[in-house]
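**Student:** The structure follows.
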Amino acid sequence: MKVAISNASCDLDDMALIKAASFVPFGAGATLCNIIIVLALMRQKNLRRRKEYLILTGLAFADFVEGFATFIGGLYRMSAVLGGWAFEPVSTLYCMLLPHSWIWRWSDTATSFMLVVVSVDRFMSAGIPLRYFKFTKVYAYRFIGSVYAYSLVSSMFAWIYPIEEMHRRPGVAQLCGTWDFVSPRYYQYSKYITSFASVLSVLLYIPLICIMRNQLSNIAGRISYSQVDRRKRAQLRVTVTLGISSVATLLLDALPRAYGMYGMAHEIRTGLTAGNCGSAHMYLFHLSKLNSMFNVFLYYTRHREMRLAIRALFCPSKVVISGATFGSSHNRL
């Protein structure tokens with residue numbers, strides 16, 4: 001199927017296949033990397049009992065769900081193009097009922113807001129360390145539960161448009177591109193609000209850097225470490241690790257997400273939709289999967305206990321993990 005746009009001819013079947021195929025490796029990579037983090041943390045009692053790592057597990061699980069939806073969504077669209085039924089008409093509700101369609105509506109919000117939760121948690125650990133030490137796992141569960149619940153409620157609003165439109169519209173392509181069955185207003189709202197959340201998670205690290213520097217100066221000036229000092233240093237190491245992750249979030253998530261949404265909105269206003277000749281803006285959203293994949297390598301290289309936990313997934317009989325604190329003070333910042 002060919003269409004002429006702006007004096008150029010493009011093959012929709014070929015472009016649809018290229019787009020669909022691009023989802024598969026990014027989705028598979030994000031799924032694999034994040035399930036490793038989740039299993040590594042959950043299988044080790046000395047890691048999962050720590051509230052900061054429960055929050056990391058919450059982030060990794062949201063990233064896992066996002067990656068899995070991307071993977072199966074890519075497989076579905078590839079099958080549609082290769083099977084020759086990609087442009088057969090179906091209802092908007094049919095598209096919304098596809099598993100990856102409604103999973104995406106939840107995971108897109110959950111991943112970005114969990115980034116904010118991680119930053120807030122680090123801010124509290126550095127800003128009020130003595131009080132933070134007294135927080136229990138319930139504190140982490142409340143944070144995670146709030147984000148997951150908000151994401152679920154937000155995703156429900158995505159169902160209004162396809163239900164209302166299923167009898168009004170003659171049909172949409174069975175390829176089920178997001179713009180075809182999700183309200184443009186809802187889609188733009190969701191992308192802008194998630195972009196804002198990603199940027200906010202990075203901005204929270206600006207005052208956090210100042211707090212960290214003061215705390216490191218105070219600890220470095222002590223002749224001997226108290227138990228509180230060691231716990232502070234362990235928390236600071238985790239904060240530095242997540243600070244590095246925050247920079248990756250800025251470069252691979254917040255900025256590409258915001259610019260990609262701006263570009264796609266411009267194409268809709270001008271009539272050149274991203275669904276046609278392979279706009280580059282849609283591909284920017286794939287970079288968020290690279291961001292989530294980066295985390296497993298970051299945790300593995302910077303934290304001995306996490307490194308051992310990941311190794312234990314593959315060689316459980318050869319790896320023994322002590323009860324040492326994750327990010328303990330003998331590790332350099």
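From the backbone N, Cα and C atoms, a Cβ is placed for every residue, glycine too.
The structure displayed is predicted, hence computed values, not measured ones.
Reproduced below are the annotations present in TrEMBL:
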| type | residues | note |
| --- | --- | --- |
| TRANSMEM | 20-41 | transmembrane segment |
| DOMAIN | 33-299 | domain 'G-protein coupled receptors family 1 profile' |
| TRANSMEM | 53-76 | transmembrane segment |
| TRANSMEM | 102-120 | transmembrane segment |
| TRANSMEM | 140-161 | transmembrane segment |
| TRANSMEM | 192-213 | transmembrane segment |
| TRANSMEM | 234-252 | transmembrane segment |
| TRANSMEM | 283-301 | transmembrane segment |
**Student:** At a threshold of under 8 Å on Cβ distances, which of 20-41, 53-76, 140-161, 192-213 pairs most often with the transmembrane segment (283-301)?
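**Tutor:** Top-ranked stretch among 20-41, 53-76, 140-161, 192-213: 20-41.
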**Student:** How does the model score the domain 'G-protein coupled receptors family 1 profile' (33-299) in terms of mean pLDDT?
**Tutor:** 82
